[in-house]
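For reference, Swiss-Prot has these:
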- His82, His183: heme b b562 binding site (BINDING)
- His96, His197: heme b b566 binding site (BINDING)
- His202: ubiquinone binding site (BINDING)
- 32-52: transmembrane segment (TRANSMEM)
- 76-98: transmembrane segment (TRANSMEM)
- 113-133: transmembrane segment (TRANSMEM)
- 179-199: transmembrane segment (TRANSMEM)
- 226-246: transmembrane segment (TRANSMEM)
- 290-310: transmembrane segment (TRANSMEM)
- 322-342: transmembrane segment (TRANSMEM)
- 349-369: transmembrane segment (TRANSMEM)
Amino acid sequence: MRILKSHPLLKILNSYLIDSPQPSNISYLWNFGSLLGLCLGIQIVTGVTLAMHYTPSVLEAFNSVEHIMRDVNNGWLVRYLHSNTASAFFFLVYLHIGRGLYYGSYKSPRTLTWAIGTVILIVMMATAFLGYVLPYGQMSLWGATVITNLMSAIPWIGQDIVEFIWGGFSVNNATLNRFFALHFLLPFVLAALVIMHLIAMHDTVGSGNPLGISGNYDRLPFAPYFVFKDLVTIFIFFIVLSIFVFFMPNALGDSENYVMANPMQTPPAIVPEWYLLPFYAILRSIPNKLLGVIAMFAAILALMVMPITDLSKLRGVQFRPLSKVAFYVFVANFLILMQIGAKHVETPFIEFGQISTVLYFAHFFVIVPVVSLIENSLVELTTKK
């Protein structure tokens, strides 16, 4: 045991995973960190394995994926693990962010942790988009065309940027090559950001807790208590992931991507993966191209303003009934945006999308500050009595 505390590298591991003092009352909602680390590990291992058999060429990309599925030993398993763990990764990240919003994890002194977390989300979305293009099915090609074309909304230099990204005048061999290179690189950038995220949390005050108060009143070491607690959710995660991988591997994908990319034929609807749908819905809700692109990026960056706009004296919404209602309305609205992103651009959905988009931004910039001020006033009134 002594080497764990004296060895220059092992003592860092010891301070994070063995002796790290955690508040004794943290619930299972604090288990997402370990699950997300596991997801990233699975993605890197399966991704590197897939890269060994993949060919980033317009002519061979689709066939190389079929070769992985049919000819490589357990290639189908590696590919389905990679695609379904990507969905699990985003599902858990959204729950992790939801936990952070509910329990006020963005408030000082954890603002840096929250900011790095938001950057992690953006890098994840970029990585997922790049990866979706690689199988080079119909959705891959047209998704790449639509999303890269968003850059053309930038005044004056937009079209030049698009052609610079493509490496030509349309999505071609150069595009696929650079997307593959970047898709391979970004998970390692993500791993570095995750370490920064952990350092930012560990070197301030550590984890929060469901009461939103200081955790110093009662703490327990990470091992063995929280290691076993994390293992419970890790086993549940593997069971659920296995159900998807072995019984319904394509449930979360799009059948259009099993059609080889054809630049001469547009698919009936160009839809991204489910985890990017809310932001795609916000993009489509605004008729102006440039404003739509700005709104889509602002929707992600809006998370960054939470430490500023939440003016409440209490951490989290667990003891604030009005904020609790606002939080659940926000969650419902996010799920509605997810549905609308998958629909055709036609009459009821356009209006619903616009209302939901307004409500989404109103939550961050209007509802949260107003409701927190009302609750502060109510708290002051009751304490004066």
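FYI, residue positions are counted from 1 along the chain as it appears here.
Backbone N, Cα and C atoms are what each Cβ position is placed from, and that goes for glycine too.
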Below 8 Å Cβ to Cβ and six or more residues apart, same chain only. Which residues does that give for His183 (heme b b562 binding site)? Gly47, Thr127, Leu130, Gly131, Leu134
The transmembrane segment (226-246): which same-chain residues, six or more beyond its ends, come within Cβ distance under 8 Å? 17, 22, 26, 28, 31, 34-35, 38, 77, 80-81, 84-85, 87-88, 220, 252
CB contact flag for the transmembrane segment (349-369) and the transmembrane segment (290-310), at least three pairs under 8 A: yes
Ten-angstrom check, please: count other Cβ atoms within 10 Å of the Cβ of His96 (heme b b566 binding site), all chains counted. 21
Rounded to an integer, what is the Cα-Cα distance in Å between His197 (heme b b566 binding site) and His82 (heme b b562 binding site)? 24
Drop a 10 Å sphere on every Cβ of the binding-site residues His82, His202 and tell me which sphere holds the fewest other Cβ atoms. His202
Other CB atoms, at most 10 A from the CB of His197 (heme b b566 binding site): 20
Between 76-98, 113-133, 179-199, who has the most Cβ pairs under 8 Å to the transmembrane segment (290-310)? 113-133
Calculate the distance in Å between the alpha carbons (Cα) of His82 (heme b b562 binding site) and His202 (ubiquinone binding site), and round it to a whole number. 30
Between His96 (heme b b566 binding site) and His202 (ubiquinone binding site), find the distance joining the two CA atoms and give it rounded to the nearest Å. 17
